[in-house]
Every structure is written in structure tokens, then in C-alpha cells.
Amino acid sequence: MSKVYDWFEERLEIQAIADDITSKYVPPHVNIFYCLGGITLTCFLVQVATGFAMTFYYRPTVTDAFASVQYIMTEVNFGWLIRSVHRWSASMMVLMMILHVFRVYLTGGFKKPRELTWVTGVVLGVLTASFGVTGYSLPWDQIGYWAVKIVTGVPDAIPVIGSPLVELLRGSASVGQSTLTRFYSLHTFVLPLLTAVFMLMHFLMIRKQGISGPL
């Protein structure tokens, strides 16, 4: 076993990486409220895992979406648990993110030189809200349908560009298959990818600059 480790150590300097990770200074004022960002990340990872599991059975069509969700809940082994965990962790992610924002604001973690860390956090907040909007529509039940119709209709109040924006969001003049396809693509591919990129940037900046000091 030691020979295998030595082989990797010679090429990748694993011990130096491990020492850098484990030897980072943690200020004495840090408490449990500084873990809220990490809990938000954990919820996101749970979302990715449970969401990926459901893609094996979910059908993103207006005729089959609701039936496929019912199938997941009633026929798939532990499907009810997977979907329930997905929903619970989604709610928890939003709650932890809000509490994390309050903690950062109240402790001045957004001030110089951490402005960019705050900006990436704001972007992550918008992405999290977008997850909620797009995911809410995927069962394509009455609640999901009318929620999508209302949300996508909001830009219509904007002069000149309002109507084109609505059509861009819906994929057509009215809510239908194109809308569901767009929201499914956003929810399962675009938003997770963007969230992963901005989370990486967020954590790298925290890693570089360290945790902000007490007020």
C-alpha cells in the first residue's frame, strides 16, 4: 500500500495538498453560524444526487410529466423517499442560503477585500431562486402550470421588450410543451452547471482571503 501511495506522492505531491487543506487558520470568533454556507452546499449536492436519480423515470412532456411523477412516487423502489428528500433539501437549501446571507451581512463579510465573494454569493442566490421557479413547474400539475404562466407573464409589463421576453421564456406565445422543455433544460443542466461554477469561484475566494474577522 505504501508503494502505491509513494507512486502517487511522487507525481502529485498529495501530502503537500493535504497539509494545505488541513492547516488553514480558523479565527477564534468562528461559531456554528459560519457553517451555514457549507450546509447550503451540502443541500445542493443532495439535490444533484436525488435529481439525477429521478431523471431516469421523469418524462418532460405535457402529457406524461404528471404521470411520471406519480410513477416515481408509487411504483419506483424508494421513489417516494428520493423525491421527498429532493423537496425537503430544496426548502432547506433556500432557508440556509437566506440565513447565510444574513450572517454575512451582519458580520460585515461583504466589505473590502471580499466584494467579489459577495457578488458571487448574490449570483448564487439568484440561481437558487431560479431552481425553485423551474423545479416547481416540472410535475406539470395545476399549481405548476399556473405558477409558470404567472411567472413567465411578469416581463410582459416591460415596455417594448416585454412581449419578446415572454415568448423567449415560454418558447411560444402560450405556455405549453416548449415551456416545459425550456424549464426542464434549465433545471437539470444550465442552472446546476452555473451553480457549480459560481460555487467553485465562491469557495476559492474564501479559501484565498480567509474568513472575515469579527466586527
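Any Cβ shown, glycine's included, is placed from N, Cα and C.
Per Swiss-Prot, the candidate among Ser91, Ser212 that belongs to the heme b 1 site alongside Tyr34, His100, Arg103, His202 is Ser212.
Rounded to the nearest whole angstrom, the C-alpha distance between Arg83 (heme b 2 binding site) and Ser212 (heme b 1 binding site) is 37.
The heme b 2-binding residues named in the record, Arg83, His86, His187, extend over a maximum Cα to Cα distance of 15 Å. In this structure the residues listed as binding heme b 1 are Tyr34, His100, Arg103, His202, Ser212; their two most distant Cα atoms lie 16 Å apart. Around Arg83 (heme b 2 binding site), taking its Cβ as the centre, 21 other Cβ atoms fall within 10 Å, counting all chains. Proximity to Cys35 (heme c binding site), defined by a C-alpha to C-alpha distance within 10 angstroms, is shown by the following binding-site residues from His86, His100, His187, His202, Ser212: His100.
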